[in-house]
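**Student:** Have a look at the structure that comes next, please.
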Amino acid sequence: QTRSLLGVFEEDAAAISNYINQLFQAMHRIYDAQNELSAATHLTSKLLKEYEKQRFPLGGDDEVMTSTLQQFAKVIDELSSCHAVLSTQLADAMMFPITQFKERDLKEILTLKEVFQIASNDHDAAITRYSRLSKRKENEKIKAEVTEDVYTSRKKQHQTMMHYFCALNTLQYKKKISLLEPLLGYMQAQISFFKMGSENLTEQLEEFLTNIGTSVQNVRREMDCEVENMQQTIEDLEVASDPLYLPDPDPTKFPAHRNLTRKAGYLNARNKTGLVSSSWERQFYFTQGGNLMSQARGDVAGGLVMDIDNCSVMAVDCEDRRYCFQITSFDGKKSSILQAESKKDYEEWICTINNISKQIYLSENPEEIAARVNQSALEAVTPSPSFQQRHESMRPAVQSRPPAARTSSTGSLGSDSTALSALSLDSLVAPDTPIQFDIISPVSEDLPGQAKSSGQSGRRTNPFGESGGSKPETEDSILHQLFIVRFLGSMEVKSDESPDVVYETMRQILAARAIHNVFRMTESHLLVTCDCLKLIDPQTQVTRLRFPLPNVVLYATHQENKRLFGFVLRTSGGRVESHQTSICYIFESNNEGEKICDSVGLAKQIAFHAELDRKASEKQKEMDRVKEKQQKELNKQKQIEKDLEEQSRLIAASSRSNQSSTEGQFVVLSSSQSEDSDLGEDGKKKRESE
């Protein structure tokens, strides 16, 4: 019965121990949470106090918000103190009693249980040895020892059992105490905490909290209204932007803006990685004044790509990619090939860079001036009342023109233009004249009238640049100057006596390019020699066109844009057979228009002096031939005189006899007659005069 009852008490003690452990963990979590809450509340108060020291990029200085948060920090700091007090009270009133019961009383039960088990085992062992004593041979000493062991073990077991049973009985009371004391301490601590909170939360604080709550509700309503507006805006933008999601939108619905002086967007830039290999890198490009800038993703600011003041831009074909264009600096030393995403961006970039290169952005209303320039270009194909009206807004006054010695060798550019200002459009450019925007290769088609004038009718250019054994026509030329040019166009003109013809042709060709969206230009090398002007393919070195220098009757550069220049070529043949026509060719260079005109003028001067020297040399040769002929005739006369003297001697010798004299006279007469027939009429006259 004792053993059975002891088992019940031990089972109850184990259940109490298990339950107390779980309760201890729960209360310890409360205590840890309270400590964390106290520390978090203190940290929150500290951060609220530091709000005024923060520098928010979009916040600015908000004194109302700062003062409000300072008030909250003060209240929360007081609450943090209350939480700290609560943590201390929980440690003393809740955690200490249950920890004592768990660490002292329950461990004591376990220890007594182990001691009782050992004592019981020792008693069983002593009884077993005692039971083995023999009845035949009794050894008093052994018997006394065994009896003593039984006595000692039984006494120890009894004493241990009594202490163990007493502890088990006491545990029932300690269980109640260990459960009620922590809970009582927890409740008392919470009551104390709430009392302190009630004392701190005065009516003034309640009013403050009410005002803050009202402000929060107002901000929430504003936020909801703003969110609703933004959602509506997003829906409208999605509907309006749906066509723009296409990489290349329809240009008829979204036309290009040609009046821009600023442009930004993503472009693909071509970077050479080897002799024939290259790579493309996508970057954000934008214009800033007269500079083209680029900015890689993640960079803080953009970097300078190129100075685009007085630069040139043209469409190019590059690696079978669409919408590529090339920008070349004003000195021609730096160039960049870029690719746009769509045709609209492609045209806008080219127009914008063209506007910037003309330095329109420096004016007060750059877009308005660009629009006016483009409008003038659109009106360029419409005949205007007079030449003077069309050029009032296109170029400066007459007195600012360059000297005639630089722009023309014929002196026609230096003539007074007051009479020309009254001429109509038909007196400069033939009506309905077609414009040629590209160079027709001489391999496929000869330039009209050019082959005839240069004496190369029906002759094709050797595609390998060889002359077939003949001496190159420019080998003996004193002047060889090479320039990089881009062909803009050519058209037939009716007059070649004034540089205004070149200006008018420039205006019409540029206007036609702007109207018909022609941006592509053929780049060539212009070779200026004393014999001719040649356009050479920069890649194959094949001569594309040849202009004989004597046929270049007029040349001039644009007065404002020094990159533009042109010349008039007078050729035989045209619309009317056996009639001379004049064709004006317009080019764009790398800011070298005046240099090219100077070079052409120098070539014409050298050719003129060479022609004078040639004529003088021919005259001298003719005089030498006349002198040589006269000397030959004089020598012939001397020979005749010698023959006559010889004949006279013969006559004198033969006069001794009449018969021989008669025969000698006959011989002399016959000889003189034969000589007279040999000399001819001029010789007879000279002999008679002598």
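Start at 1 and count along the chain as shown; that gives each residue its number.
Note: Cβ is positioned from N, Cα and C throughout, glycine not excepted.
Remember, TrEMBL labels are computer predictions, not curated facts.
Okay, so TrEMBL annotates it like this:
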DOMAIN    260-358  domain 'PH'
REGION    380-416  region 'Disordered'
REGION    440-474  region 'Disordered'
COMPBIAS  451-460  compositional bias 'Polar residues'
DOMAIN    483-619  domain 'PID'
COMPBIAS  617-648  compositional bias 'Basic and acidic residues'
REGION    617-690  region 'Disordered'
COMPBIAS  654-674  compositional bias 'Polar residues'
COMPBIAS  681-690  compositional bias 'Basic and acidic residues'
**Student:** If I take every residue in the domain 'PH' (260-358) and average their pLDDT values, what number comes out?
**Tutor:** 88
**Student:** Would you mind splitting the domain 'PID' (483-619) into helix, strand and coil residue counts from DSSP?
**Tutor:** 46 helix, 55 strand, 36 coil
**Student:** DSSP on the domain 'PH' (260-358): how many residues come out helix, how many strand, how many coil?
**Tutor:** 15 helix, 46 strand, 38 coil
